[in-house]
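Worksheet: the structure to be examined is printed underneath.
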Amino acid sequence: MTAKLLYELVHEAARAHGDKRAVAFDSSIAARVSLTYDELIFMSDELTAQLRVSVQNHEGAIGLFCHPDVLLPVWIIGILQFPAAYLPLDPASPPQCSLRMINNCRLSFCLIQNELLHSAFSILISVEVCATFCSHRLTLIKIKSEQKENSQANDAPFSSAVTKNIQQGEPLAYILHTSGTTGLPKIVKVPHRCIVPNIIHLRSVFKMTPEDVVFLSSPLTFDPSVVEVFLALSSGACLLIVPSAVKKMPRRLAHVLFKRNTTTVLQATPTLVRRFGKVVLQEEVLSADSSLRILAFGGEPCPSLNLVKSWRQEGNRTHIYNLYGTTEVSCWASWYKVPDEHLCLEDITDAPVPLGEPMLDTVMEVRDETGHLVTEGEGQLFIGGQNRVCLLDDEETVVKGTMRATGDWVQVQNSNLYFLGRKDRLVKRFGQRVHLDALQQMIESFSGVEACAVNLSKDDRLLAFIVLTSGHAGAPLSSEIHHDKHLTQPSEISVSVSPKASPPSLRVTEGEIRHQLSKRLSSHSIPDMMVFIPALPLTSHGKIAIDELMKTCETQRQDKNKQAPQKDTASVRLKLQNLWKECLGLQDDVVVEENAHFMFSGGDSLQALRLFDDITVAMGTTSVGLLEVILDGSFSDLLSHIMTETHDDAVLPSKKRTADYSDSEASGKRQHKEMTTSSDTESPFVVPSLRRTMGFVVVRRAAEVFKWGFQKIPQGIFSDAPDKNYVTNNSVGNDTGLISNPSLELSKSSAVTNMADHLQAQEETLLASESPSSHGGVREDSTGVLPLALRVLWRSDTGRCVDASPMLLVAPDRTTVFIGSHSHRLQALDLSRGEVIWERILGDRLESSAAISSCGGLVAIGCYDRQMYFLDVSCGDTVWTFETGDVVKSSPTVDPKTGLVFAGSHDGHVYALNPLTKTCTWQHYCGGGAVFSSPCVHLSPRQLYCSSLGGHLHCLNPDSGKVLWKYSSSAPFFSSPHCSDSSVFIGSVNGHIIGISHSGNTLWDFSTDGPVFSSPCISSLTLLTNQPPSTTPSSSVTTSPNHIVTCGSHDGHVYCLNAQNGSLLWQFQTTGKVFSTPFVFSGALWGLRTLAAVCSTDGKVWVLDGETGIQKATLSLPGELFSSPVIWGSKLVVGCRNDYVYCLELTTQ
């Protein structure tokens, strides 16, 4: 091969492709700027000429202190043509590091990007400004000689080494230092003839064309950047450059690479690629239609084929390569292409990926500890070659063909080389060898593990830092690590995440990993401690910052018992500003603007993780979403997140709708709408004519069924036919009816309206068909009772946990499910098929359940961003928003008489909102504590009930907000109040379920063995006195209640109580805690009077006999359940913490 210089390769390409785009710079927030090859060469030649005028004495190297920029290749080529080696200095590095390089390399001149001149290392040394090159945005400085004279004596030989090699015809291309992975950082001087073979060989291996777009993923201080720059520019391709801050924002980076630019070649460390996350990898980076042609891993051990396969979407055609090399023999020494067919196999082995073949002009040898060659077995890898020789530190000359020890231990097997780990990463425990890197790769190969780092602590404890795959089925989501709502006993595995306790599901995951390891490894190789973290921190070169992990672990172990301070906005803002400035190294008098972005303010991934840790310890906020807000949000976003965050996970992009379990997938399309809250974007709405003329039904949790717009209440298909066996709330006016009771009897009647006929046709499994109209028609023995079962009809992916409960809008044309998610999404789904009718992305998380306005045209829902949203039912457009003083988790309630919408807020108030006039009619302070629960309106007597976490239950006049009476408890009320004709009922955190008369007198108090977060479900029922309802001691009650109260408790039971006196009718023990609210409904289709549906937090849905509490059906879902079930016909809808909304069907077996 004829030796060439790097810039000569670019000149050859420019002569053939002068008018093609050579380099593009995309900031992600402004228009892309670019240079053609002709412009690149012209500006490079111009800079070279200016340097030759300004630098009188011939220099071996010129420093380059800059950020990524569209002119970056111009600056590099301009220096190389001088001729001189370029020495990159990182503005993000501490000034002392730059000073060390300057002194050790005896640097005399440095080019500094103009905007960095004031912040450069000149504060530590004396410099002289030689020239300013305005068109190149550079300033040339000279480092005064006294600085070099004061440097250490052992640094002196370097300058002569540079000159000597140039005189010998060995011009240097660049000078940099190693990352320290192979030991103490070394200064490496790389001749052109050492790096040019890399460029030429990879250009051939990758089959480069002028149509390619190569991403500059590496910083200039990391030698793979040389390959990226000149691989593109020697092929006539385009080099894509982005700001350093964008590289640290995975989602934004993916958008820039594959949406704004069609990147075809990506060379990166596995850790950097992992930061995209599985969803982005599958849907953008390695999707079926991805523009990415080449993905080359290097700088770290190649991920397992199992892991790479899990990142790829079916149909992806990206070629995967494994590159190996060391900076001491810059840059790559070997390459291996993963056969495409290997990634398509059903069962991929856990075998490591080979290092592959030597690069052009490269020799690779494996030697044992005595220096003998190894042809089979383990040994240390040595690399070199006649031309692959660099100068290290103070070396002046090196013999051609010198072989450098890499410090990497490999295994030779059938002529293939397999990486085992760094020589210093082969440790002994209990007299046995442990390959730390091999252990790390093995853990990463496990299902549900996205990334891992393994290290040995000073006290010889083997630590594994693990990042779980978000949304992995069958294992806790990475977000679950950060829940603090239902934590149990402390565990050391959570130290890097939070000083709080660890969820049981996380301990299960640890147990699963340990079990898998125990089947493959001896006990000495199994980690002593597993630390689950939201993301691995990176060095500036994109490698795992293991030292930072160890420091973080130790710091949080020491601080894990610290108490979080009071979260008032002023103190949190001040504390956050201080932490922000400390992490960025800013002066105390620096003002942190509300729109300041951490990464754009100079932060990096290590500093982001440090800020995450500091906030975790100082403020007790533990969500994985916290790290994402730090990476891609403003200071204001971060403050808002901390103030509102309590336990849930972060926002991730919504995945595609999952196919039905039992039916073929329906291809419903989503309508994504960005958040709009200002009045300028509020849109008028028109109530659909069918709902306006024929009425509609709203079904909510706790078996609340609202019927609107009827001349008379249809009795054939709705709840509680108004006969002597049922208690029905009075209708309001002639065309609005409210029934707050569940479907206990669904009978056909001549009074069924046209609306009812439409609904009957819509609901195939409606229980109205041929059912008896009174209890007398239901068999009293068991012969008519059919065995029941639950099956999944469909599920819809919301992108994050679903704690909200569904709300159903039953209209003549279809039944729509409305439900929100912690992903900020509100989905409108077709009940029959699960298709997404529309979807809105609101300003923050949604834990509130929705309500429908009295006109039927608006859906109202509260949001973590403090807003109450009123959206057009038909399309999701914003009609009005009302801002409260804090997070809104309370579910709104609609007054059937006035149409006012009542909702609570964490600011402690209840608001009466009029969506038609877009005004707040009144607001009421509930005595202290956030209003988490939902208000309850009762028509006769006309009263509104609201409760707070301060333990206050207030009875108000719904028209004016005037207090009628108050009830106080020593424990908070998370439970929402619900009413019967004579009483209001509520559960308390002290474990009590209380019945209170409408005049405020306590009627009874039932005690459970755990906190009650569940809300009471009130239903009408007449029990036969000759039928024993339960075998429990308290079931000997012979009174026939008009209403029953069904409620869950954290003691794991569902309780059914007599609403008159609070006596126990029956109780049922679930297998988990009961947070959700039961739903009581008709069982006529199955030969039963009533059924009760309830969910336990362990993921189980239960269907019980409403009269006896006997289990009739159950189904386990793959996630925790805090959402309450809602039933219409035979369909049950509920949200799950595995990100999905489920529709189940209750069928006969």
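Keep in mind that glycine also has a Cβ here, set from the backbone N, Cα and C atoms.
According to Swiss-Prot, the features are:
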BINDING   T178, S179, G180, T181, T182, G183, L184, P185, K186, D408, R422, K543  ATP binding site
DOMAIN    570-646  domain 'Carrier'
MOD_RES   S605  O-(pantetheine 4'-phosphoryl)serine
REGION    653-683  region 'Disordered'
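Swiss-Prot feature annotations superimposed on the structure.
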| residue | record | DSSP class |
| --- | --- | --- |
| T178 | ATP binding site | coil |
| K186 | ATP binding site | coil |
| R422 | ATP binding site | strand |
Under 8 Å by Cβ from T178 (ATP binding site), same chain, sequence gap 6 or more: P185, K186, V188, T326, T327, E328
All-chain count of other Cβ atoms within 10 Å of R422 (ATP binding site): 18
Cβ neighbours of K186 (ATP binding site) where a neighbour is any other Cβ within 10 Å: 17
Per-region confidence, the domain 'Carrier' (570-646) (mean pLDDT, whole number): 77
